[in-house]
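Visitor: Pasting a structure below so you can have a look.
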Amino acid sequence: MDTIFALATAQGKAGVAVIRLSGPRAYHTACLLAGPDLPSRGLSVRQLKDSQGARLDDGVVLTFAAPASFTGEDVAEFQIHGSLATTEAVLRCLGDLDGLRLAEPGEFTRRALENGKMSLPQVEGLADLIDAETEAQRKQAQAVLNGALGQLAEGWRAKLIRAAALLEAVIDFADEEVPTDVSPEVRALLAEVRADLEHEIAGVRIAERIRTGFEVAIIGPPNAGKSTLLNMLAGREAALTSEVAGTTRDVIEVRMDLGGLPVTLLDTAGLRETGDLVEGMGIALARRRADQADLRVFLTEDVDAMGVELQPDDLHVLPKADQRPDTANAISGVTGQGVDQLVQRISDVLKTRSSSAGIATRERHRVAMKTALDALDRTGTVLESGPDLYDIAAEELRTAIRALESLVGRIGVETLLDEIFASFCLGK
């Protein structure tokens, strides 16, 4: 097994940089740079030197003996001054040593997974935590990283293994002292797991939206003030504004944190009949993105004139509050009048939806759980035929168990791992 190393902190100038090593030569390498009397596990303040004895930097050296480390291997970390030159000097020194190589993206975490220090959902949770931009995303990622989904899946798996064992007992030991009617307990176990799976499957879409972000489309006729409103919400000139109708022809996206939730605001082309080919393409795109959005804000005097059917959660506000005597339910992107109230309304709708989110956060999770649920449905149907078909019921249970094992990364995930770890930095 190679010993790997990489910069664990962000590239660039910083107060502190952390360089991580993992593998059989991690401790030996730490001693080469920091002195021979390092503890096998602990913290030391040392002067780091290269192979010629030249001083590299003063820093903190952390050592972790296997298996009590992040990767499950011997691990060492150098906490040094974060200048580009200092970091490069230490990395260059490590690269010149035999038996060491630069880590691939996510390789430290991959070793943690392979050594049983993390489950696949925890790896996904770590990736999401690194990418988290809002409080809701942080909390969601922390729950998965702390093992919430893995614990659920292991609990379901244990119940299904118990159910399968009961059926196998009837099949293999029918002539001995084994209860002949195990179906009540089996059905009870299936019902418990089935209810949990249905609940989690129902919450995946919203949970995934929290992970990736909600889309909120601003819709209205030309010159209603959509781009001005977008700029007001973004706090910058994200969209070009003009008195000329039809200025916006593409969909302009602005990412923002709205009450702790990740939201992408979409400024769309004004909806109207037009003979301009390019504007017409923009309007068609606007309609498609509006249909796909999680929430739509209609900024218009007359929604019916938009040719779009209102959905229950759609919001309708009147434009240009600064130019009308009655400002009820009206906003102005110029003065900001009514904008805070609109933001609160958007936030309330999305927070209400978010309350139904489950722990599972990805389409992969949903597919695995749906596969298990379908197998449980087939199991229940087969059980109706009595003990003669218990062998088929047991096989369906094994299908469900395998689906749950794929959920936590026990089987069939090699291609998926390559995709996940490609998104990690070298030091993770």
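Backbone N, Cα and C atoms are what each Cβ position is placed from, and that goes for glycine too.
What you see is a predicted model, and the numbers here were worked out from it, not measured in a lab.
What Swiss-Prot records for this protein is below:
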- Arg20, Glu77, Lys117, Lys428: (6S)-5-formyl-5,6,7,8-tetrahydrofolate binding site (BINDING)
- 223-228, 242-248, 267-270: GTP binding site (BINDING)
- Asn223, Ser242, Val244, Thr247: K(+) binding site (BINDING)
- Ser227, Thr248: Mg(2+) binding site (BINDING)
- 213-351: domain 'TrmE-type G' (DOMAIN)
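Quick one: where do these features end up spatially?
Guide: The Cβ of Glu77 ((6S)-5-formyl-5,6,7,8-tetrahydrofolate binding site) lies under 8 Å from the Cβ of Ala8, Val18, Ile19, Arg20, Leu21, Val61, Leu62, each of these being in the same chain and 6 or more residues away along the sequence.
The number of other CB atoms found within 10 A of the CB of Ser227 (Mg(2+) binding site), across every protein chain shown, is 23. Under the DSSP three-state reduction, Ser227 (Mg(2+) binding site) is assigned to helix.
A simple way to gauge crowding: the CB of Asn223 (GTP binding site) has 20 other CB atoms within 10 angstroms, across all the protein chains here.
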Visitor: Across the domain 'TrmE-type G' (213-351), what does the pLDDT come to on average, as a whole number?
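Guide: Looking only at the domain 'TrmE-type G' (213-351), pLDDT averages out to 75.
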Visitor: Counting Cβ neighbours within 10 Å across all chains shown, tell me which of the binding-site residues Arg20, Lys226 comes out on top.
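Guide: Sorting the candidates by Cβ neighbours within 10 Å, the top entry is Lys226.
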Visitor: Taking DSSP as the reference, which of helix, strand or coil describes Lys117 ((6S)-5-formyl-5,6,7,8-tetrahydrofolate binding site)?
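Guide: Assignment for Lys117 ((6S)-5-formyl-5,6,7,8-tetrahydrofolate binding site) reads coil.
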